[in-house]
Amino acid sequence: QLIFFGLSNQLVVSFKEENTVAFKHLFLKGYSGVDEDDYSCSIYTQQDAYDSIFYVINQYKQLKNISLGALGYEHEGSGLKICKQQYEKGTMLPSNGTLNIDVSTETECIFLKPQELASRKAELKLNSSFFNLEFYRLIQVEISFKLKGIALQTIHARELPDCYAFQNTVTFNNRAHSGKIKIYFDSNTDIEECKDWHIFGSVLQKNTQYILVFDGFVILSCFASLVLCTRSIVLALRLQKRFVNFFLEKYKRHVCHADRLEFINGWYVLVIISDVMTIIGSILKMEIKAKNLTSYDVCSILLGTSTLFVWVGVIRYLGYFQTYNVLILTMQASLPKVLRFCCCAGMIYLGYTFCGWIVLGPYHEKFEDLNTVAECLFSLVNGDDMFATFAQIQQKSMLVWMFSRLYLYSFISLFIYMILSLFIALITDSYDTIKKYQQSGFPVTDLHEFLKDRGNVGYRKERTSMPFMCCC
């Protein structure tokens, strides 16, 4: 079930990515095929700006004649929306440092329908004063349009095709007014249900029915597992309550938290979570297969996580062998210490993250935002990409360059030689403790002592009354 859905999800993602690349080549003039940093391409002259804007309009006009994909306009009422955002009127003379401008912005838009692009009305709009751009106060020009497409490659995988809606936006960003306009291309893809489709071929329909039946069998199996595990947890909680009350009445003592957790089987909790995710994911998968839903991402997260929990749950069977149970016991013993240690180390890590972002952000691409800084520092802790991080720092400011060396050397030395070593030492210490317990015996808790005593009493009573049954 998971393999079939994974293959189907790959087709969906690849179709989206390939269409995005195709749109960039179709609508961005001079696009090289490789994005420049976080934007697609850039322009440096006024003529390039006009050419790029009209290039998008012209390509949209001839889309059906030039595109290789199964694309079309959304509907008759849709079209090309062009908006420009700029500051209020003012004057600027950089030669003598004179600036008189109102920073409040104004936005002006025009709308071009596909059927009007070849008409006289469209020519008047394209030659209007709207396209006389005053670049000294221009903030951005945004061109947005919506296209429809159909993915036929799923038919080769014996699945019904999907219909797609592409919301494309081309943004000419001039906020910096640095002489460089960055062109961003953004494409938001939504999968929609095909309204009217007729596909001939019995193999495709039978394949869909067989998979839906199998999905139903998976749901029933997981539901039975869910009911049985839930029943076991409920009975265990009842037994725990009885034991706590008995211990309080008999010995006037409260049962410790560790003994209470002994009644709850953590593997059953893991199985319950996995079953719930599998049931919900299988229902979503059936709806997606029937083309009633398009939540591929949600379904993949549920099915993928549930499969992860299933494979982790296999370890419980290896736990019956003493030599294979060391991993689980070590993780249980070291987890509280590791979590407390990570809280302290995390404070230092956050400090380095904010410091690197503030100081090195303008000079190093790996420190441009907090998320990138955190990823860069984590890779450095694991010894990855060290030389490139040192080498890419720009030497435009000697003071910042010297600070970057002090920053990187101190971080790597502190986290690799000290914090990471202490982290490993905590786990090693727990492992050594577990090995000693396996040789000399684990500490006996109140619960284990109680069970041992009650078992001996019951054994003696049965032996005096029915020795034969006792032997059996």
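The backbone N, Cα and C atoms fix where each Cβ goes, and this holds for glycine too.
Taken straight from TrEMBL:
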DOMAIN    12-195  domain 'Mucolipin extracytosolic'
TRANSMEM  210-237  transmembrane segment
TRANSMEM  267-284  transmembrane segment
TRANSMEM  296-318  transmembrane segment
DOMAIN    297-434  domain 'Polycystin cation channel PKD1/PKD2'
TRANSMEM  338-360  transmembrane segment
TRANSMEM  406-427  transmembrane segment
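Tallying C-beta pairs under 8 angstroms between the transmembrane segment (338-360) and each of 210-237, 296-318, 406-427 places 406-427 first. Using a Cβ-Cβ cut-off under 8 Å and counting only residues 6 or more beyond its ends in the same chain, the transmembrane segment (296-318) has close neighbours at 1-2, 5-6, 9, 12, 191, 267, 270-271, 273-275, 277-278, 280-282, 284-285, 288, 324-325, 327-328. Confidence across the domain 'Mucolipin extracytosolic' (12-195), taken as the mean pLDDT and rounded to a whole number, stands at 83. Here the domain 'Polycystin cation channel PKD1/PKD2' (297-434) is broken down by DSSP into helix, strand and coil counts: 117 helix, 0 strand, 21 coil.
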